[in-house]
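First the structure, in the form of structure tokens, and then the observations on it.
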Amino acid sequence: MGPHGNDSDFLLAPNGSRAPDHDVTQERDEAWVVGMAILMSVIVLAIVFGNVLVITAIAKFERLQTVTNYFIISLACADLVMGLAVVPFGASHILMKMWNFGNFWCEFWTSIDVLCVTASIETLCVIAVDRYVAITSPFKYQSLLTKNKARVVILMVWIVSGLTSFLPIQMHWYRATHKKAIDCYTEETCCDFFTNQAYAIASSIVSFYVPLVVMVFVYSRVFQVAKRQLQKIDKSEGRFHAQNLSQVEQDGRSGHGLRRSSKFCLKEHKALKTLGIIMGTFTLCWLPFFIVNIVHVIRDNLIPKEVYILLNWLGYVNSAFNPLIYCRSPDFRIAFQELLCLRRSSSKTYGNGYSSNSNGRTDYTGEPNTCQLGQEREQELLCEDPPGMEGFVNCQGTVPSLSVDSQGRNCSTNDSPL
């Protein structure tokens with residue numbers, strides 16, 4: 001989102017460029033421009049490289065092709081478009097002290113900027129709802145939200161985001177009426193985003209605040225349910241060990257099943273924390289800007305131009321953070337390492353007993369005599385011993401079907417996030 005007003009030179013001269021020696025001042029300005037250009041280039045490269053890596057990893061490795069990760073792809077696409085079509089032109093606008101791409105591209109660029117932010121926050125909102133359904137209605141989850149339905153949801157998110165971003169800007173509903181704004185609209189070299197009060201408030205509420213409130217409310221509920229499940233695991237685990245200590249000493253299989261189930265549940269709750277970090281980071285990066293965006297149109301000149309632009313760029317930098325956050329997930333970490341040739345791509349075993357072969361397909365390589373399920377191996381396998389294990393199977397994900405293996409253990413599949 002372009003800066004309000006035309007005072008974007010502050011990034012070019014730390015001391016106001018008022019040194020008595022003109023040559024010294026010019027050298028400082030040039031050094032500052034070079035430094036800012038390098039910093040902005042690093043930001044653009046980090047955004048593009050990181051999000052291309054995320055999209056490629058999910059597209060290549062079946063293990064990562066879960067419903068939740070479809071939404072992650074949508075989020076990565078929004079960040080990638082931000083890195084390719086928004087941030088570079090914003091950097092040019094600041095470094096060149098003027099807009100060099102004409103009025104049409106100015107409005108189109110601004111529309112893309114609003115589109116990416118809106119699509120990101122709405123996708124995060126959908127992810128929160130997705131996790132809420134998965135953790136509260138595990139038996140219904142896979143029938144409620146299939147991969148095809150997820151694609152439809154993603155399409156709807158982008159359509160709604162497009163309508164709320166392109167329509168008001170291309171129809172000029174956003175335009176202010178004071179002289180400085182009108183002059184900028186007609187000037188080819190000016191691309192400052194002057195808006196009227198109604199648009200600034202309405203667009204901020206629709207594109208950011210409403211999805212943010214929904215996301216925070218739903219995800220707080222998800223964590224409450226997850227906390228209760230972890231407490232249930234602790235109680236059941238203690239009860240199991242007390243009742244079956246002698247059996248565990250004679251045959252370690254039951255204890256192994258419990259530890260494995262507990263480990264699975266903890267892994268799923270760690271995935272929830274990862275998604276929570278993604279949402280929290282997005283909020284911290286963009287909330288200050290949207291607060292300032294409303295304050296600016298209510299009280300003009302109250303917010304310094306420097307603050308407005310810096311907060312706008314704090315939001316841009318958020319697009320580079322998500323790929324780093326995904327590295328909390330062992331599955332994403334391994335996929336990234338294989339794509340970057342830091343790990344051999346054949347028969348590398350995941351921590352949960354899966355291995356990824358050279359064609360990106362995931363196979364289970366755990367214990368012998370495992371459950372034979374007639375479904376794709378991209379789904380997580382969870383085999384549990386019957387005694388005392390009620391409630392562990394649906395600790396986070398879904399249990400569409402149960403089967404029993406040769407050792408009498410209950411088996412289930414789960415569409416795991418991240």
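Here, residue 1 is simply the first one shown, and the rest follow in order.
Cβ coordinates are placed from backbone N, Cα and C, and glycine is handled just like the others.
A disulfide bond in Swiss-Prot ties C191 to one cysteine from C77, C106, C285, and that cysteine is C106.
The membrane topology recorded in Swiss-Prot places A31 on the side opposite to F223. Between N6, N414, the residue that has N-linked glycosylation site written against it in Swiss-Prot is N6. Cross-referencing 147-150, 227-230, 243-246, 415-418 with Swiss-Prot places the feature motif 'PDZ-binding' at 415-418.
Disulfide connectivity taken from Swiss-Prot links C184 to one of C125, C190, namely C190. Long-range contacts of the transmembrane segment (306-329) within the same chain, counting only residues at least 6 positions beyond its ends with a Cβ under 8 Å from a Cβ of the stretch, are 1, 3-4, 8, 10-11, 43, 46-47, 50-51, 53-54, 72, 75-76, 78-80, 82-83, 86-87, 90, 94, 116-117, 270-271, 273-274, 277-278, 281-282, 285-286, 288-289, 292, 296, 336, 418. Of all Cβ atoms in the protein chains displayed, 8 besides its own lie within 10 Å of the Cβ of C341 (S-palmitoyl cysteine). The stretch with the most CB contacts under 8 Å to the transmembrane segment (35-58), chosen from 72-95, 197-220, 275-298, is 72-95.
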